[in-house]
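Asker: What TrEMBL lists as transmembrane segment is A:85-102, A:155-173, A:185-209, A:230-251, A:257-282, A:289-306, A:318-348, A:360-383, A:389-414.
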Amino acid sequence: MAITVGLLFVVGVVVRLILLQTDLPQWVANKNEVITPLTAWERVQEGLALKKNMISPYDGDIFHETPILLKIMEVVNNFPNGSKYFFVILDVWMGLLLLSITNKFAGYKLTQQAEGVKKYSVDVEKIILRSKDLKHLGSYVIAVHFLNPYTISTCLARSTASVSNLAIIYLFYYMLHNKLILCTFFIAVATYQSFYPFILCAPVALYFYSHQTSSKSDRSYNSSKAIFSYTRTCLLSIGWLMALLGLSCVMEGSWSFLYSTYGFILTVPDLSPNVGVFWYFFTEMFEHFRVFFICVFQINAVVYTVPLAVKLRKNPVFFLYMLIFLTSIFKSYPSYSDVGLCLTLLPLWKHTFSYMRNSFVVACMYICCTVFAPVLWHLWIYAGSANANFYFAITLVFSTAQIFLVTDLLFAFLRREYDLYNGTTHKLENGETTQIILE
Amino acid sequence: MAATMKRILSVLFIYTSTTLNLNIYAEVVDDFKEELFIKPLPSGHVYFHFQFTTTWEADFENPKSFEHYRLFPKSLGHVLTTYKVQELHLSQTQGLWRHDKWGYPVSSAPPGAELWVWFQPSIKSLDDTWSELVNAVSGHFCTSLNFLDSKSTAAPRWSFRPHGVASDGYSSFSKFVRYGALPREIVCTENLTPWKKLLPCNTKVGFGTLFKAIKLYDANYHSLGLDVRPVCRDSDCKRTSIELSQSLSVVFDPSVKNNEHQDWSLKKILGDVLSSRCPLASSSKIFVDTTSNIPKSIFTLSPDPDSVETITRGGEKRQYAVYDVGLQTAGGRVLNLGAKYDNPVQHNDIIPPPIYAQRYITGYGLEQGGVTCLIYNNLDTNLTVIYMETLPWFTRFYFKSLTIVNQNKQIHPYKVHYIPGKDRSRSYHLELVFRLRANSVTKISYKFERAFLKWTEYPPDANHGFYINSAVISTVLPTASNYTSTPQSSSSIETSFQDKSENFFLRIHTETLLVSLPTPDFSMPYNVICLACTVVAIAFGSIHNLTTRRFVKLDPSKKRGLLAKIKAMFIKQKNTKSDETSEKETDKEDEKEKDE
């Protein structure tokens, strides 16, 4: 196990370092699927150049990073080739955190199971988790993290989305380590970087509430004690966020960065193609419906918090993962870096995979889209032999693939839960085996 | 008796209105000059520049002086006073002035329309006034200047200083200046008509009679100019006058129709001869640049000029043939000025002017692109230039990619003024001050990224592309080689003969550029909206399903669904019916039993 993980680390780093010497980073850094106007390294450099010339980077409409990140990048950029290796270091850093997360997660899963095992049905030995099942989880997660093309391309393109991904991983890490203050800090950092993670307050609040109340019996999710706990988590996150924004304002000297960053995320003025559903929809939208549909699409990105919070209140970690996945599909400027993060964390739910129904179809869709997106982009933009619809079609399919994956995972998770309490063989009273359906 | 009465009245009036400006009843003092400057160009083209200069002893600051008009067009006067204009410069041009072949024009203008205005310091909200002004000017000259909104307006810091009299405090800030250009604007008859209506003699007499649109718009280059500015009234410059300069520049290529001969005449080129002068004009003259006839005569003018002036300007010797139209057309004669060349045009190497530029788009594909501008300095001295560039918001200019290279060495500009653009509201505006080395080519290049527009933001024929404004290069030349502009003091051509200055302000406009942007499919908004919404609905539907419903065992005996319910209803009915029949049967049986 340790050898495998070590090897994966080495292979991951070597692959990245070798690819950095080729022309691939340059090619990838211009790919709309990999970078967005929010995360492009080129725009960071533009911001740095403007800052150097005493022009506020937020004066124009090219730079959309946050002031603190700009400061960090300024430091990184001072080293020769610093930015290149910075992102490799970030990946390794994330790898280390992920390793710790998987270990903690295995423990968490087993305690959770031990709590509920009394209520489980009798014939669930087959699907019950054992520590040996969770032993290799670390190497799976690390393998996906280091070797999936989405994370590699993000690293090569020097997409600053890596920083928000790191914040989300830290959030996971401190949540599983039961550190409320640090966990809320990283909610704030992630929100500060990419806005949407503010909804992650919900799973974190649920997690810390269930952690406080040790016995499962007296756990009520709408008691005043619970509400107090939720409020505390939310207020802490808001407090941290305010501190970060205040610091940025002090650094920048004005609040103008708010519109350039969060205004840019919310109002979607840049319609450059990406893997999401926003760009072509709002390119072709009728002017008088634009505001309405922007509201609808932005609400859609966060609205899943409510039903999932109710349904998954006993499984806040899975809830957290679902929200990360859903926002990565429906955010206004999604990219492969979000996909990379979701896929990296996917092996954590390996025990539910046997319940998934269309993993083959989803895998094919992922592969096809990843291959065809640059091809159709080339045909549209360079060769002129295709038009926008071709690329739009591929981004739609990609979104659909992600939706299929996330809903399938939710189905698998819920179906497994059902089996845990009702047994794996489903028989009617008259002894006939039967199917399970949603009612 | 009447005279005494009048005197008493006027005395009374003066007594009662000491606070009023006495100019009210003062005589309107103004002056109008019409001039035609003709320059045969070494490339075989002929350059005609009509210059109409109206000087009016009125004061911009004083609205009262705009109550009585004589030669100055009243409609324009209203525009100037309403919008508190200090200087107004408008050019409407068709075609590109080729500096490398033709030298410098009298007034440089970019292809399309260009408007720059200095407002009076007393103005309240400048941006609102600017938008009202462009609408007024647009209506006045039938141009699309109303499209000069905030997206295509800039406030140049160094490139467009006041051209007329201005105090230092006023001109040192670019607060009161606005610049806008429409590179796509097409100039035609509808622009010429309102322009020539401003001339005191219109097209009835004088040079105006030569404006035959069919000929003027069949030229290689055509430019209408209108400049209003304050000029010194006398040498002390304590008081200012208003100068309106209207100019029409045309470049023809007579050799095309003339079997390689450069021969030209007014009749041939402009379609008419001059038969009169404008009686309102204090001077009505034609100047033909005959410098190319020194030392060897290559063409002869007919008729003979009234005088030949030899002047030296900026160290360059020049010769002009001068025609006084009044004399030439006296006694019902007509003037058909023409030149006869001894030999056909010889296309030799043309000595280019001291400084000129060439600008082009680089890169391929519809994603990123670049612009390169080459500035040639043929002088033996270094030259400091101001380079100005305004880019529309949808070509996102990357400041970091800006490089200025001279003789393989990167040079740093002395000064940079950069206003980054904002999506859908402000254009990118860049001004650079840097030095051109002697006898060298300086290359300015930068990168831009093409934005994706909303489908409603594309103009008709979206794949034609989008025009980018000319870059403007301003400098001060130490020599007057090829220089034809008038001196700062007056717009009249004649004054340039007495110009003794040693520095010559030069402004040149480069090519406009055409950039194509990636286009969406304009035909299918409904499909796109439906498809994207479907994808969202898949997610919403699935998650709604999974979170609001629960798993149950399927009992085949309990069929659900509408169809099952309907079926169940029928089955129930059938059952009840069969029950009834069976009941009847049992009744019958009972009866039978009874019978038995």
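Placed from the backbone N, Cα and C atoms, the Cβ positions cover glycine too.
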Asker: Checking distant contacts: for the transmembrane segment (A:318-348), what same-chain residues at least six beyond its ends satisfy Cβ-Cβ under 8 A?
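Answerer: For the transmembrane segment (A:318-348), the far contacts come to 33-39, 98, 102, 105, 137, 140-141, 144-145, 148, 150-151, 153-154, 159, 161-162, 165, 168-169, 171-172, 175, 194, 196-197, 199-200, 202-204, 206-207, 265-266, 268, 270, 274-278, 297-298, 300-302, 304-305, 308-309, 312, 399, 402-403, 405-406, 409-410, 413.
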Asker: Can you work out which residues elsewhere in the same chain, 6+ from the ends of the transmembrane segment (A:155-173), have a Cβ less than 8 Å from its Cβ atoms?
Answerer: 16, 19-20, 24-25, 28-29, 31, 34-36, 38-41, 44, 65, 69, 72-73, 83-84, 86-88, 90-91, 93-94, 97-98, 100-101, 104, 182-183, 186-187, 189-190, 193-194, 197, 200, 204, 320, 324, 335, 337-338, 340-341, 345
Asker: Test the contact criterion for the transmembrane segment (A:389-414) and the transmembrane segment (A:289-306): 3 or more CB pairs under 8 Å, pairs 6 or more apart in sequence, then answer yes or no.
Answerer: no
Asker: Spell out yes or no: are there three or more C-beta pairs under 8 angstroms between the transmembrane segment (A:257-282) and the transmembrane segment (A:185-209), with each pair 6 or more apart in sequence?
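Answerer: Yes; at least 3 Cβ pairs under 8 Å.
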Asker: Honestly, do the transmembrane segment (A:230-251) and the transmembrane segment (A:289-306) touch, with at least three Cβ pairs under 8 Å and pairs 6 or more apart in sequence?
Answerer: no
